[in-house]
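Q: So that we are looking at the same thing, I have put the structure below in structure tokens.
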Amino acid sequence: MEKEPSTAPEAPLESVGIPAPQGAANLIDTDYQIGQDNYQARPLGVNIDIHGSVFAVSSLMILGFVVLTLALPEQATAIFNGAKGWINTHATWFYLLSANIFVLLCLGLILSPLGRIRIGGADATPDFSRTSWFAMLFAAGMGIGLMFYGVAEPLTHYGTSLEGTTLGDDGVRTDWAPLRAAAGDEEAATRLGMAATLLHWSLHPWAMYAVVALALAIFSYNKGLPMTVRSIFYPILGERIWGWPGHIVDILAVFATLFGLATSLGFGAEQAASGLHYLFGIGDGDVTLVLLITGITAVALGSIVAGVDKGVKRLSEINMVLAFLLLMFVVVVGPTLLIFTSFFKNIVSYLGELPFLSNPFAREDVNYSQGWTTFYWGWWISWSPFVGMFIARVSRGRSVREFLISVMLIPTTVSIFWFTAFGTTAIDQVRKGFEGAVSAELPLQLFMMLSELPLTEITSFIGIVLVLVFFITSSDSGSLVIDTIAAGGKIDAPKPQRVFWGVIEGAVAIALLLGGGLAALQAVAVSAGLPFTLLLLAGCYAIIMGLLSEPRIAKPTRPTAP
Amino acid sequence: MFNKIMVPVDLAHLGALEKALTVAADLSRHYGAALCYIGVTTSQPSAVARTPEEYEVKLRAFAHEHAPDSGHEPTARVYNSHDPVADLDDILVRAIDDVGADLVVMATHLPTHLDAIMPPNGAKIAKHTRASVLLVRNDFSAE
């Protein structure tokens, strides 16, 4: 409705889509203006608007990395393996301990009165409906990994548990079984294998995301600081976050995000290639991988240009529907009753083994804790600025408690169900004598499991499509996030910059696959995550400080989603 | 000739808008048409404002300052977007209907080779509305 303007002393104002009033929040008093350090220009008719230092340092180092990895693959592989070896031996306890701290912080906040604080001010209302919100959380958070490891990881841990433990000459265990293993006991091996898998896909990863996301959301929506990682450290560094300490934080975030993303993209490409090879007999060599990554990056660029609402949001919803169909298919035609009973059994064994599996000290199962858990923690943490910022962007208007429950507990439940459906079905096949999946390469195990169920061609094809769509979603939302960080927190930086980052992500994924394959991906993810873990620990303190200075809602009221 | 002129405003780049604003004010005087300034903001803090409310206040002040002396106090309207860079065209097309504008005056840049993949907002809007669209280009020397 238009108001008649003629006699008004001030211009009458009408807002659309802005829920007003937003209620009490506690803005941080700073003179910094977002984008004040940015470099704006229009070379060759292309608008750019970037944070000079962050963009220059991170993009040059990343380009250097790509060139060196492609030029000297052998040396690069040696360096990757060296770094991974060192971190596995010396930093495993640190990764495990930090991850536990994140989980405890989130659970504590859910229960504490701070949970009543609302993101975006006391009266803020949510920007997205619950369904879209949740679809985006999930597609961004795990996506490709669910496809890659859904069958492969439970099978692997089941197998190693069944084989039991072996000691090397130096008294260190050489087997890959988790904890005490379960030699020869199929039932116990199933339970342990599932618990060991769920450790990596439930509370811990989502707690890491939740910490980053909550910190970004609070410091951006409630404190009025730019949506970039440096803002989290305002309670610790004060105005210094606008200088080099802040630049370094953001550069580390760009690195971590890019390499975490490239790891996932690499996995996705490997799996899509082996799926295509299996279904259509297309070669799965380097050429296919490069073509796949190039093609998918091109599609992702289309989605990047289309924007959040028309790109990522729609893709995430497609993902959700396809993943749900595949899941339901496996549940219905697979061992339905077993899956449902196992779901509860798995929750029990996960919670029962959790204290032991997440224990950072004096672990005897060195290969499992160092080779698997450390890799995952590094991967999740290196990818947490990405998922975290993405979650933060779409989470305005939720209360801290609702936010943490939705970001931590609901995805955990879905993960457990997903792994139960895929893992239990696969283990059940093995226990009935089917060796196809166990003996296949990791990327192929999903398709081998599906081959034992009816309609193999169709479900395998849906599987490949899912991997590809997850891939596109990640590449799209990843470019958005990296661009925001490299533009000093500007959400509305020009589009060509997003395209630039989308291309870089594809290039890094190709460079890593050619210069060392999956091992290189894992090594880089684990290394990139380490410095960021330190930052996140400091971030935990900042979150508490930030929340303590917020006005609290008198009584908990649940917002109504639009 | 025209009753309502809509002027999209980017508070972060006012310098580039100057010519379009003058043209809009002149036309408003000439035809006795009402002016409506449109702004698009994000929930996240931006260069212009740290909260959506602050943006509203700023756009309101801007509209008040840029009133042509034709007896019409301009109106202002703020739209919120998750991704203003991508959604701007759609929002402006919607705004034309919401406002009931019969003329849109907006600043634009000279055509470039990039326009093929990322068309400028003005061109896209003209394609999707029944209102007249006046694209005001800055001086050639300034480009």
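Glycine is no exception: its Cβ is also placed from the backbone N, Cα and C atoms.
TrEMBL annotations: computationally assigned, not manually curated.
A quick note: this is a predicted structure, and the numbers were derived from the prediction, not measured.
The following feature annotations were taken from TrEMBL:
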{"type": "TRANSMEM", "residues": "A:52-72", "note": "transmembrane segment"}
{"type": "TRANSMEM", "residues": "A:92-112", "note": "transmembrane segment"}
{"type": "TRANSMEM", "residues": "A:133-152", "note": "transmembrane segment"}
{"type": "TRANSMEM", "residues": "A:203-221", "note": "transmembrane segment"}
{"type": "TRANSMEM", "residues": "A:242-267", "note": "transmembrane segment"}
{"type": "TRANSMEM", "residues": "A:287-308", "note": "transmembrane segment"}
{"type": "TRANSMEM", "residues": "A:320-344", "note": "transmembrane segment"}
{"type": "TRANSMEM", "residues": "A:374-392", "note": "transmembrane segment"}
{"type": "TRANSMEM", "residues": "A:404-427", "note": "transmembrane segment"}
{"type": "TRANSMEM", "residues": "A:447-472", "note": "transmembrane segment"}
{"type": "TRANSMEM", "residues": "A:499-524", "note": "transmembrane segment"}
{"type": "TRANSMEM", "residues": "A:530-548", "note": "transmembrane segment"}
Q: Decide whether the stretches the transmembrane segment (A:287-308) and the transmembrane segment (A:133-152) have at least 3 CB pairs under 8 angstroms, with pairs required to be 6 or more apart in sequence.
A: no
Q: With the transmembrane segment (A:499-524) as the reference, find which of A:133-152, A:203-221, A:242-267, A:404-427, A:447-472 contributes the most Cβ pairs under 8 Å.
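A: By the under-8 Å Cβ criterion, the transmembrane segment (A:499-524) pairs most with A:242-267.
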Q: Residues sitting near the transmembrane segment (A:133-152): Cβ under 8 Å, six or more positions beyond its termini, same chain?
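A: Distal contacts: 126, 197, 201, 205-206, 209, 264-265, 267-268, 270-271, 312-313, 315-317, 319-320, 323, 386-387, 390-391, 394-395, 406-407, 410-411, 414-415, 418-419, 422-423, 426, 437, 442-443, 445-446, 448-449, 463, 466-467, 470-471, 473-474, 477, 561.
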Q: Do at least three CB pairs under 8 A connect the transmembrane segment (A:242-267) and the transmembrane segment (A:52-72), leaving out pairs fewer than 6 apart in sequence?
A: yes
Q: Among the recorded stretches A:92-112, A:203-221, A:242-267, A:447-472, A:530-548, which has the greatest number of Cβ pairs closer than 8 Å to the transmembrane segment (A:374-392)?
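A: Ranked by Cβ pairs under 8 Å, first place goes to A:203-221.
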Q: Taking a Cβ cut-off under 8 Å, which residues six or more beyond the ends of the transmembrane segment (A:203-221) line up next to it in the same chain?
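A: Residues packing against the transmembrane segment (A:203-221) from afar: 25, 28, 99-100, 102-103, 105-106, 109, 117, 119-121, 124, 141-142, 227, 229, 231-232, 234, 354, 358, 376-377, 380-381, 384-385, 387-392, 395-396, 400, 403-404, 407-408, 411-412, 489, 536, 539-540, 542-543, 546-547, 550.
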Q: Which sequence-distant residues neighbour the transmembrane segment (A:404-427)? Criterion: at least 6 residues beyond either end, Cβ under 8 Å.
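A: Residues 106-107, 109-110, 115, 133-134, 137-138, 141-142, 146, 150-151, 153-155, 158, 190, 193-194, 197-198, 201-203, 206-207, 209-210, 213-214, 327, 330-331, 334-335, 338-339, 342-343, 346-347, 350, 391, 395, 398, 437, 445-446, 449, 453.
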